[in-house]
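These features come from TrEMBL:
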SIGNAL    1-25  signal peptide
DOMAIN    26-275  domain 'Plant heme peroxidase family profile'
DISULFID  C36-C117  disulfide bond
SITE      R63  site 'Transition state stabilizer'
DISULFID  C69-C74  disulfide bond
BINDING   H140  heme b binding site
BINDING   T141, D194, D202  Ca(2+) 2 binding site
DISULFID  C147-C181  disulfide bond
Amino acid sequence: MSKFGNLGNFLVLCILLGIASSSHGQLQLNFYAKSCPQAEKIIQDYVQKQIPNAPSLAAALLRLHFHDCFVRGCDGSVLLNFTSSTKNQTEKVAVPNQTLRGFSFIDGVKKALEAECPGVTSFASKGLDLKDLVLLSGAHTIGVSHCPSFSSRLYNFTGVWGKKDPSLDSEYASNLKMKKCKSINDNTTIVEMDPGSSSKFDLSYFQLVLKRKGLFQSDAALTTSATTQSFVNELVQGSLKQFYVEFGLAMEKMGKVEVKTGSAGEIRKHCAAVNT
(Lines of atoms letter the chains of each structure in order from A and count residues from 1; the text may use other names and numbers.)
(Lines give C-alpha, C1' and ligand atoms only; values in the text may rest on other atoms or scores of the structure.)
Protein backbone atom coordinates (compact mmCIF):
# COMPACT_ATOMS: atom_id res chain seq x y z
CA MET A 1 0.00 0.00 0.00
CA SER A 2 1.29 3.50 -0.79
CA LYS A 3 2.21 5.99 1.91
CA PHE A 4 -0.76 8.08 0.87
CA GLY A 5 -2.98 5.02 1.02
CA ASN A 6 -2.10 4.40 4.65
CA LEU A 7 -2.38 8.05 5.61
CA GLY A 8 -5.56 8.35 3.60
CA ASN A 9 -7.14 5.54 5.61
CA PHE A 10 -6.19 7.29 8.86
CA LEU A 11 -7.81 10.50 7.62
CA VAL A 12 -10.98 8.70 6.60
CA LEU A 13 -11.21 7.27 10.11
CA CYS A 14 -10.57 10.66 11.74
CA ILE A 15 -13.13 12.46 9.59
CA LEU A 16 -15.79 9.80 10.04
CA LEU A 17 -15.32 9.87 13.82
CA GLY A 18 -15.43 13.64 13.74
CA ILE A 19 -18.74 13.90 11.92
CA ALA A 20 -20.47 10.80 13.17
CA SER A 21 -22.08 9.84 16.46
CA SER A 22 -23.44 6.45 17.34
CA SER A 23 -26.70 5.51 18.94
CA HIS A 24 -26.67 3.95 22.40
CA GLY A 25 -23.39 2.30 23.34
CA GLN A 26 -19.92 2.74 21.93
CA LEU A 27 -18.98 3.83 18.45
CA GLN A 28 -18.45 1.01 16.02
CA LEU A 29 -17.16 0.53 12.51
CA ASN A 30 -19.80 0.32 9.78
CA PHE A 31 -22.33 2.03 12.03
CA TYR A 32 -23.98 3.52 8.95
CA ALA A 33 -24.04 0.23 7.03
CA LYS A 34 -27.83 0.40 6.80
CA SER A 35 -28.65 4.09 7.11
CA CYS A 36 -25.88 5.33 4.79
CA PRO A 37 -23.98 2.36 3.29
CA GLN A 38 -21.63 4.52 1.22
CA ALA A 39 -20.59 6.85 4.07
CA GLU A 40 -17.04 5.57 4.48
CA LYS A 41 -16.48 5.30 0.72
CA ILE A 42 -17.75 8.85 0.17
CA ILE A 43 -15.23 10.14 2.69
CA GLN A 44 -12.44 7.97 1.29
CA ASP A 45 -13.07 9.16 -2.27
CA TYR A 46 -13.12 12.78 -1.14
CA VAL A 47 -9.85 12.39 0.78
CA GLN A 48 -8.09 10.62 -2.09
CA LYS A 49 -9.22 13.29 -4.53
CA GLN A 50 -8.36 16.35 -2.44
CA ILE A 51 -5.27 15.56 -0.34
CA PRO A 52 -2.82 15.05 -3.25
CA ASN A 53 -3.61 18.62 -4.32
CA ALA A 54 -3.05 20.00 -0.81
CA PRO A 55 -0.74 17.58 1.07
CA SER A 56 -0.33 19.91 4.07
CA LEU A 57 -3.99 19.34 4.91
CA ALA A 58 -3.15 15.83 6.09
CA ALA A 59 -1.35 17.16 9.16
CA ALA A 60 -3.97 19.89 9.62
CA LEU A 61 -6.80 17.35 9.76
CA LEU A 62 -4.98 15.16 12.27
CA ARG A 63 -4.41 18.21 14.47
CA LEU A 64 -8.05 19.21 14.12
CA HIS A 65 -9.10 15.77 15.33
CA PHE A 66 -6.77 15.96 18.36
CA HIS A 67 -8.02 19.39 19.40
CA ASP A 68 -11.65 18.34 19.10
CA CYS A 69 -11.32 15.12 21.07
CA PHE A 70 -9.37 16.49 24.02
CA VAL A 71 -11.91 19.20 24.87
CA ARG A 72 -15.34 17.81 25.86
CA GLY A 73 -14.78 14.72 23.74
CA CYS A 74 -15.09 14.04 20.01
CA ASP A 75 -18.27 15.98 19.35
CA GLY A 76 -17.19 18.24 16.49
CA SER A 77 -17.55 21.29 18.75
CA VAL A 78 -14.25 22.72 17.50
CA LEU A 79 -15.95 23.18 14.12
CA LEU A 80 -18.56 25.64 15.40
CA ASN A 81 -18.21 29.20 14.13
CA PHE A 82 -18.20 32.30 16.31
CA THR A 83 -21.63 33.95 16.26
CA SER A 84 -23.36 36.71 18.20
CA SER A 85 -25.24 34.08 20.17
CA THR A 86 -22.24 31.91 21.03
CA LYS A 87 -20.00 34.94 21.74
CA ASN A 88 -16.68 33.60 23.02
CA GLN A 89 -17.96 30.16 23.93
CA THR A 90 -16.88 28.30 20.80
CA GLU A 91 -13.71 26.24 20.91
CA LYS A 92 -12.66 27.64 17.53
CA VAL A 93 -11.82 31.05 19.03
CA ALA A 94 -9.65 29.64 21.84
CA VAL A 95 -6.00 30.66 21.42
CA PRO A 96 -4.66 27.11 20.81
CA ASN A 97 -7.28 26.60 18.08
CA GLN A 98 -6.82 29.83 16.16
CA THR A 99 -4.22 28.26 13.89
CA LEU A 100 -6.30 25.17 13.11
CA ARG A 101 -6.99 24.49 9.43
CA GLY A 102 -9.13 22.09 7.45
CA PHE A 103 -12.57 23.45 8.32
CA SER A 104 -13.59 23.97 4.69
CA PHE A 105 -12.37 20.46 3.92
CA ILE A 106 -14.67 19.04 6.60
CA ASP A 107 -17.51 21.16 5.23
CA GLY A 108 -16.87 19.62 1.81
CA VAL A 109 -17.02 16.11 3.21
CA LYS A 110 -20.20 16.90 5.12
CA LYS A 111 -21.79 18.33 1.97
CA ALA A 112 -20.96 15.17 0.04
CA LEU A 113 -22.43 13.01 2.81
CA GLU A 114 -25.57 15.14 3.08
CA ALA A 115 -26.13 14.81 -0.66
CA GLU A 116 -26.16 11.03 -0.30
CA CYS A 117 -27.74 10.68 3.15
CA PRO A 118 -29.35 13.92 4.37
CA GLY A 119 -29.64 14.22 8.15
CA VAL A 120 -28.09 10.83 8.92
CA THR A 121 -24.51 11.54 9.97
CA SER A 122 -24.09 13.81 12.99
CA PHE A 123 -21.39 15.71 14.85
CA ALA A 124 -21.69 14.23 17.78
CA SER A 125 -11.22 9.39 32.41
CA LYS A 126 -10.23 9.86 28.23
CA GLY A 127 -9.59 6.10 28.48
CA LEU A 128 -6.12 6.31 26.90
CA ASP A 129 -3.04 4.60 28.29
CA LEU A 130 0.63 5.58 28.07
CA LYS A 131 1.24 3.62 24.91
CA ASP A 132 -1.70 5.35 23.23
CA LEU A 133 -0.21 8.73 24.14
CA VAL A 134 3.17 7.74 22.71
CA LEU A 135 1.56 6.49 19.52
CA LEU A 136 -0.61 9.58 19.15
CA SER A 137 2.46 11.78 19.59
CA GLY A 138 3.63 10.16 16.38
CA ALA A 139 1.25 12.49 14.54
CA HIS A 140 4.05 15.06 14.91
CA THR A 141 5.80 13.20 12.11
CA ILE A 142 3.96 15.40 9.61
CA GLY A 143 3.13 19.07 9.51
CA VAL A 144 4.47 22.31 10.93
CA SER A 145 4.06 24.53 13.97
CA HIS A 146 4.53 28.21 14.80
CA CYS A 147 7.23 29.62 17.08
CA PRO A 148 4.92 30.55 20.01
CA SER A 149 4.17 26.85 20.52
CA PHE A 150 7.71 26.13 21.69
CA SER A 151 9.75 29.39 21.84
CA SER A 152 9.70 29.37 25.65
CA ARG A 153 11.98 26.32 25.43
CA LEU A 154 14.50 28.53 23.63
CA TYR A 155 14.25 31.84 25.47
CA ASN A 156 12.61 31.68 28.89
CA PHE A 157 12.16 28.13 30.04
CA THR A 158 10.25 27.96 33.35
CA GLY A 159 9.80 31.73 33.13
CA VAL A 160 13.51 32.52 33.53
CA TRP A 161 14.68 34.82 30.74
CA GLY A 162 17.69 33.45 28.85
CA LYS A 163 17.18 29.91 30.13
CA LYS A 164 16.94 27.09 27.59
CA ASP A 165 15.10 23.85 28.18
CA PRO A 166 17.94 21.47 29.18
CA SER A 167 16.05 18.54 27.68
CA LEU A 168 16.38 20.08 24.20
CA ASP A 169 19.52 19.27 22.20
CA SER A 170 21.78 22.36 22.40
CA GLU A 171 22.78 22.35 18.74
CA TYR A 172 19.16 21.97 17.63
CA ALA A 173 18.08 24.77 19.97
CA SER A 174 20.78 27.10 18.64
CA ASN A 175 19.78 26.33 15.07
CA LEU A 176 16.14 27.14 15.83
CA LYS A 177 17.12 30.47 17.38
CA MET A 178 19.47 31.49 14.58
CA LYS A 179 17.48 30.31 11.55
CA LYS A 180 13.83 30.06 12.61
CA CYS A 181 12.51 31.72 15.76
CA LYS A 182 14.96 34.62 15.96
CA SER A 183 12.83 36.40 18.55
CA ILE A 184 10.46 35.26 21.26
CA ASN A 185 7.96 37.67 19.71
CA ASP A 186 7.96 35.85 16.36
CA ASN A 187 4.37 34.73 15.80
CA THR A 188 4.48 33.95 12.08
CA THR A 189 7.47 31.74 11.26
CA ILE A 190 6.59 28.11 10.68
CA VAL A 191 8.83 25.22 11.65
CA GLU A 192 8.68 21.59 10.57
CA MET A 193 7.86 19.31 13.47
CA ASP A 194 9.88 16.52 11.83
CA PRO A 195 12.65 18.35 9.90
CA GLY A 196 13.40 16.85 6.50
CA SER A 197 10.54 14.39 6.75
CA SER A 198 7.53 16.54 7.56
CA SER A 199 5.52 15.30 4.59
CA LYS A 200 6.16 11.60 5.26
CA PHE A 201 4.19 9.59 7.79
CA ASP A 202 7.09 7.58 9.13
CA LEU A 203 9.11 6.77 12.25
CA SER A 204 11.68 9.57 11.99
CA TYR A 205 9.83 11.65 14.60
CA PHE A 206 10.51 9.01 17.25
CA GLN A 207 14.17 8.85 16.19
CA LEU A 208 14.42 12.61 16.75
CA VAL A 209 12.78 12.29 20.16
CA LEU A 210 15.52 9.88 21.24
CA LYS A 211 18.10 12.43 20.05
CA ARG A 212 16.42 15.13 22.18
CA LYS A 213 15.28 16.96 19.06
CA GLY A 214 11.53 16.86 19.57
CA LEU A 215 10.10 20.34 18.97
CA PHE A 216 7.68 20.44 21.90
CA GLN A 217 8.10 19.89 25.60
CA SER A 218 5.53 17.09 25.31
CA ASP A 219 7.92 15.36 22.89
CA ALA A 220 10.75 15.54 25.43
CA ALA A 221 8.41 14.17 28.09
CA LEU A 222 8.27 10.88 26.21
CA THR A 223 11.81 10.12 27.37
CA THR A 224 11.43 11.17 31.01
CA SER A 225 9.62 7.96 31.90
CA ALA A 226 11.22 4.54 31.51
CA THR A 227 7.86 3.19 30.39
CA THR A 228 7.20 5.72 27.64
CA GLN A 229 10.82 5.64 26.48
CA SER A 230 10.60 1.87 26.13
CA PHE A 231 7.56 2.33 23.89
CA VAL A 232 9.49 4.85 21.79
CA ASN A 233 12.39 2.40 21.48
CA GLU A 234 10.02 -0.38 20.44
CA LEU A 235 8.55 1.80 17.70
CA VAL A 236 11.95 2.86 16.37
CA GLN A 237 13.12 -0.75 16.26
CA GLY A 238 9.85 -2.02 14.83
CA SER A 239 8.35 -1.89 11.37
CA LEU A 240 6.58 1.02 9.74
CA LYS A 241 3.66 -1.29 8.96
CA GLN A 242 3.20 -2.11 12.64
CA PHE A 243 3.31 1.58 13.52
CA TYR A 244 0.55 2.26 11.00
CA VAL A 245 -1.60 -0.44 12.58
CA GLU A 246 -1.02 0.67 16.17
CA PHE A 247 -1.36 4.38 15.38
CA GLY A 248 -4.65 3.71 13.61
CA LEU A 249 -6.00 1.80 16.61
CA ALA A 250 -4.94 4.60 18.99
CA MET A 251 -6.65 7.17 16.75
CA GLU A 252 -9.81 5.07 16.74
CA LYS A 253 -9.64 4.83 20.53
CA MET A 254 -9.22 8.59 20.86
CA GLY A 255 -12.13 9.09 18.51
CA LYS A 256 -14.40 7.44 21.07
CA VAL A 257 -13.50 9.85 23.87
CA GLU A 258 -16.65 11.16 25.55
CA VAL A 259 -18.58 10.85 22.32
CA LYS A 260 -22.24 11.80 22.42
CA THR A 261 -24.56 8.85 21.93
CA GLY A 262 -28.26 8.18 21.64
CA SER A 263 -30.34 11.33 21.95
CA ALA A 264 -27.48 13.46 23.27
CA GLY A 265 -26.42 16.30 20.99
CA GLU A 266 -27.92 16.89 17.58
CA ILE A 267 -27.41 16.07 13.92
CA ARG A 268 -26.09 19.32 12.48
CA LYS A 269 -27.18 20.35 9.00
CA HIS A 270 -24.03 22.45 8.70
CA CYS A 271 -20.84 21.56 10.56
CA ALA A 272 -20.07 25.13 11.59
CA ALA A 273 -23.41 25.98 13.18
CA VAL A 274 -25.90 24.48 15.61
CA ASN A 275 -29.37 23.83 14.24
CA THR A 276 -31.99 26.53 14.72
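Note that Cβ sites are derived from N, Cα and C of the backbone, with glycine treated the same way.
Please treat TrEMBL annotations as automatic predictions, because they have not gone through curation.
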Seminar exercise, completed: Counting every protein chain shown, other Cβ atoms within 10 Å of the Cβ of C69 (disulfide bond) number 26
For this session: Rank the binding-site residues D194, D202 by the number of other Cβ atoms within 10 Å of each Cβ, and give the residue at the low end.
Result: D202
Seminar exercise, completed: Ranked by how many other Cβ atoms lie within 10 Å of their Cβ, the disulfide-bonded residues C117, C147 are led by C147
For this session: List the other residues in this chain whose Cβ sits within 8 Å of the Cβ centroid of the Ca(2+) 2 site residues T141, D194, D202, in sequence order.
Result: G138, H140, I142, S197, S198, K200, F201, L203, S204, Y205
For this session: Using C-alpha positions only, work out which of the binding-site residues H140, T141, D194, D202 is nearest to C69 (disulfide bond).
Result: H140
Exercise. When you tally the Cβ atoms that lie within 10 Å of each candidate's Cβ, which of the recorded positions (R63, H140) has the highest tally?
Worked result: H140
For this session: Rank the disulfide-bonded residues C36, C181 by the number of other Cβ atoms within 10 Å of each Cβ and report the first-ranked residue.
Result: C181
